[in-house]
Amino acid sequence: MSDLYPVKPLNGQLSARVKVPGSKSITQRAMVCAALAKGVSRLEGWLRSEDTLLLRQALVCLGARFEDEEEDLLVTGMEGKVHPPPGLLFMGNNGTGIRFLTAVSALGNGEAFIVGSRRMDERPIAPLIEALAAWGLRGRCFNDPCPPVYLQAKGLSGGKTEISVAKSSQYLSALLLVGPYTREPAEIRLKDTLVSEPYVAMTLAVMEAFGVTTQKEDGGFRPASGPYVAAHYRVEGDASSASYFLAAAAIAGGEVTVVNLPHPSLQGDAVFAAILARMGLRVSYSSESVTVARSGSLWGIDIDMGRWPDLVPTLAVVAAFAEGKTIIRNVAHLRIKETDRLAAVATELKRLGARVEELEDGLIIYGGASLRPATIETYDDHRIAMAFSLVGLKVAGVQIKDPGCVAKSFPNYWEVFESLYP
């Protein structure tokens, strides 16, 4: 793919139906459960992307078997018997994957070395290592508190551990996923307030689909002991990926339907349609789709996005086209994503001519500015590339640098994006 993607302005309003790929978050959770389970699982509608393929290869190195069957993924599980390999396990910039893989590797017996990209070396993982240490793991971060990670594993004892979840819910999800395989019943206590809570609810739902229930208590969780059971699991369409096309209707006007996003959904990010309703769009749902339409004004809002941080770049771009001020709050944890997303969003909106204030934990966007042509820096961040592509639907001369970075979560994004044009 070219190093630049020039976005063509849209003539007229939208009238589109799109299908998005499977949820990256659900796919990775289902892959872990299936890899640990006894028997052969079938993952229908799974996401094939850069991140999921990295996790797949790492789980193969630990002893699971994967086989493609048309659009499905067949997974032969390890029955909880994890065998860390002698070489390096490489996870690129897959933050979810490296945290899940660290916990799964700790179930084995032997040494494990887990490495990632340069940006991964800036994304904390020490809270997870510390929590696993209470279950008997010996491990360290070579770039403390960040990867690379070295583990001396001998299985996990279980019992009580504590985890800090103020910066990432992925630490908790990693502990929950391996909790059924500790030698004694696992008890996980939270040290602080949980961010991105819907992702933990998703983890619990996927675990339950593979036969393990979790007792939620005040300030903690107790996953049931016992193995996962192989399952035929259908992965929902990705709500974060759907947000770009729903936002396109908000920016360009007209109507967009995402045909494979169920209602209700396991994904917290499915809330984006309801957020757009607050901004003036009409929203309707069926059991398997969501439709948004704009025919009138678009209004700024004041909103706490702490539960849905991945939606912030998309919402911020929509806010630049709204009337009045939009305040996005409680998303300091965006600074340790694929890039510092608060800084990146503020910088690129300003490059386009928008008036933006960057807060420690959020953004203030003053809508209604006359936006100008710009070449958007994407910071090797798929969500920055996809969110800012939407600007070009209304503003001539917008180009996206490094458009191939979308392969992390949505490899055919540009193909689906171009289907918006009549």
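Glycine residues also receive a Cβ, built from the backbone N, Cα and C atoms like all the rest.
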Which single residue out of LYS216, LYS408 does TrEMBL record at the phosphoenolpyruvate site shared with LYS24, GLY95, ARG123, GLN170, ARG341, ARG383?
-> LYS408
Just the number: how many Å between the Cα atoms of LYS24 (3-phosphoshikimate binding site) and LYS408 (phosphoenolpyruvate binding site)?
-> 9
Find the one among the binding-site residues GLY95, GLN170, ARG383, LYS408 whose C-alpha lies closest to that of ARG29 (3-phosphoshikimate binding site).
-> GLN170
How many whole Å apart are the CA atoms of ARG341 (phosphoenolpyruvate binding site) and ASP310 (active site, proton acceptor)?
-> 9
Closest of the recorded positions to ARG123 (phosphoenolpyruvate binding site), Cα to Cα, picking from SER196, ASP310, LYS337?
-> LYS337
Quick one: Cα separation, ASP310 (active site, proton acceptor) versus LYS337 (3-phosphoshikimate binding site), in Å?
-> 9
Nonlocal neighbours by CB distance (under 8 Å) for GLY95 (phosphoenolpyruvate binding site), same chain, sequence gap 6 or more = MET120, ARG123, SER168, GLN170, LYS337, GLU338
